[in-house]
Amino acid sequence: MRISVIGCGYLGAVHAACMAKLGHEVIGIDVDPRKVAALEAGEAPFFEPGLPELLKETKATGRLSFSTDMADAAGAQVHFLCVGTPQVHGEFRADLSYVESAFEALKPYLSGGDVVAGKSTVPVGTAENLADRLTGTGATLVWNPEFLREGFAVKDTLHPDRLVYGLPTDDEGVPTAEGDAAKALLDEVYATPLADRTPLVVTDYATAQLVKVAANSFLATKISFINAMAELCEATGADVTRLADAIGYDARIGRRFLNAGLGFGGGCLPKDIRAFMARAGELGVSDALTFLREVDSINMRRRVRVVDLAREVCHGSIVGRRVAVLGASFKPDSDDVRDSPALSVAAQMQLQGAHVTLTDPQAIGNAQAKWPEMKFAATALEAAVDADVVLLATEWQEYRDLDPDALATVVAHKRILDGRNVLDPARWRAAGWTYRALGRP
Ligand SMILES: NC(=O)C1=CN([C@@H]2O[C@H](COP(=O)(O)OP(=O)(O)OC[C@H]3O[C@@H](n4cnc5c(N)ncnc54)[C@H](O)[C@@H]3O)[C@@H](O)[C@H]2O)C=CC1
Ligand SMILES: O=C(O)[C@H]1O[C@H](OP(=O)(O)OP(=O)(O)OC[C@H]2O[C@@H](n3ccc(=O)[nH]c3=O)[C@H](O)[C@@H]2O)[C@H](O)[C@@H](O)[C@@H]1O
């Protein structure tokens with residue numbers, strides 16, 4: 001099938017390449033000419049494991065191309081909307097201006113029977129509004145939220161945990177004839193994962209939009225729950241990693257997403273819970289989501305706590321102290337620094353008078369663009385030269401594998417803060433290090 005993908009960022013570029021891998025003929029469209037040029041040359045414009053290989057493979061088939069010209073979307077039967085929905089500056093709500101402009105730019109190129117499939121994460125009500133505005137075009141809107149994780153984006157797109165279709169429905173919640181036709185087209189798009197028995201939830205617009213923000217809110221809540229427990233552990237001398245192991249054995253709770261540390265960041269979880277709260281307010285049900293305010297606060301307190309820990313190990317002040325921060329991306333296996341806890345803590349320390357040197361295997365370029373005045377180093381060992389304290393802020397495998405003896409040869413003081421609870425305290429202490437972590441002794 002011929003497919004267009006509008007917006008080729010972390011979501012859209014992967015989606016486009018994966019759709020081509022599934023056998024479709026795909027045109028990816030983005031307003032950023034540099035991104036389009038890279039993708040058209042078969043190069044990934046950001047770091048995502050497996051994407052460079054997939055782009056090469058699918059470009060070679062001739063089924064995948066990229067363009068800045070929306071007119072190239074004409075002729076596609078399904079158009080995936082994958083543009084950004086960032087937080088509005090100074091407010092909680094989502095900025096829908098990119099969705100608006102992409103949608104309006106696409107409209108003249110739609111034909112009868114086309115499907116516009118929204119993938120961006122949007123406030124509930126957006127799909128209903130866009131659907132109304134398709135009247136007269138003969139095209140049908142569906143909401144098809146995306147659940148991929150950066151770092152696993154290719155696998156998550158080709159082998160999703162589930163697919164969700166939000167279709168137009170009648171007053172009784174039954175899909176309309178257009179809804180049924182749109183479902184048939186999406187079933188064709190996702191024929192391979194559906195044949196692999198990927199669970200499919202077919203529902204209405206409102207539910208499909210809510211599923212996405214509910215999922216991210218649940219994940220954020222799970223992380224903040226364990227980080228709240230970390231605060232209790234800090235007050236009592238308990239170990240939050242053992243606590244997580246113990247409660248995680250209960251299948252009703254589960255161990256995944258119970259890693260305490262610097263908390264969640266990225267281009268999605270933080271802005272999605274805030275946009276959800278803003279939307280609940282507009283709908284007159286803000287009380288239903290007041291707990292997310294606490295989820296957000298617990299998360300942000302972890303960033304403050306790690307700066308306090310640095311101060312503690314430096315005998316009361318970080319002014320003039322050299323701090324090596326290992327990790328700038330919001331999670332390992334990504335170069336994404338949007339709302340990165342690591343970068344935010346590094347910046348805080350710098351603003352409070354420390355001399356910070358930051359390193360990351362993939363995200364230095366993006367971090368430098370955000371904080372040009374920060375000092376950067378290519379490796380952990382270089383960053384740690386003469387350091388008074390080292391902070392592991394993003395758990396890249398190479399930082400998990402660091403040798404305490406090797407690192408000891410370059411630092412000024414053997415003090416390590418484990419911001420992600422991934423190092424072995426006994427090993428580091430045995431090597432003479434002062435080891436401190438979030439929520440464990
Ligand atoms: N990054 C992720 O892991 C996931 C993101 N999402 C959601 O997907 C959406 C996109 O997120 P990302 O890909 O991370 O953002 P991004 O910022 O990496 O990509 C958005 C892309 O849209 C392009 N764009 C903006 N206006 C356009 C227009 N009028 N026409 C064509 N292209 C346009 C931008 O140039 C950019 O390349 C957001 O709503 C996000 O919440 C959902 C699931 C996973
Ligand atoms: O809507 C989105 O964009 C995506 O947001 C998240 O994916 P992602 O942001 O790529 O990364 P996660 O693996 O969810 O991690 C998010 C943050 O939580 C942190 N985290 C994660 C797990 C954990 O146990 N503890 C913890 O602090 C990570 O370090 C990271 O900063 C969701 O997991 C995806 O399902 C969703 O599609």
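Note that Cβ sites are derived from N, Cα and C of the backbone, with glycine treated the same way.
Note: TrEMBL annotation is automatic and uncurated.
Long-range Cβ proximity for T85 (NAD(+) binding site), meaning a same-chain Cβ under 8 A and a gap of 6 or more residues, is found for A94, D95, L96, Y98, V99, S120, T121, V122, K271, A275. T85 (NAD(+) binding site) falls outside any helix or strand according to DSSP and counts as coil. Summarising the annotation, TrEMBL assigns NAD(+) binding site to D30, K35, T85, T121, E150, K271, R338.
Within the same chain, residues at least six positions away from E150 (NAD(+) binding site) with a Cβ under 8 Å of its Cβ are Y10, E48, G266, K331, D333, S334, D336. In the three-state DSSP classification, E150 (NAD(+) binding site) falls within coil. The annotation substrate binding site is assigned in TrEMBL to F147, L148, R149, E150, K212, F257, L258, N259, A260, G261, G265, K331.
According to TrEMBL, the feature active site, nucleophile maps to C268. According to DSSP, C268 (active site, nucleophile) sits in a coil region rather than a helix or strand.
In the predicted structure, the domain 'UDP-glucose/GDP-mannose dehydrogenase C-terminal' (324-425) carries a mean pLDDT of 98. The domain 'UDP-glucose/GDP-mannose dehydrogenase C-terminal' annotation in TrEMBL covers 324-425.
Within the same chain, residues at least 6 positions away in sequence whose Cβ sits under 8 Å from that of R338 (NAD(+) binding site) are G265, G266, G267, F330. Not one of the binding-site residues K212, L258, A260, G265, K271, R338 has a CB under 6 Å from ligand 1. For the recorded site, D30 (NAD(+) binding site), the DSSP three-state label reads coil. Packing around G265 (substrate binding site) is summarised by its Cβ count: 23 other Cβ atoms lie within 10 angstroms of its Cβ, all protein chains included. Between the alpha carbons (Cα) of F147 (substrate binding site) and K35 (NAD(+) binding site) lies a span of roughly 23 Å. In this structure, R149, E150 are the binding-site residues from R149, E150, K212, R338 whose C-beta falls under 6 Å of some atom of ligand 2. Site extent for substrate: among the recorded binding residues F147, L148, R149, E150, K212, F257, L258, N259, A260, G261, G265, K331, the largest C-alpha separation is 25 Å.
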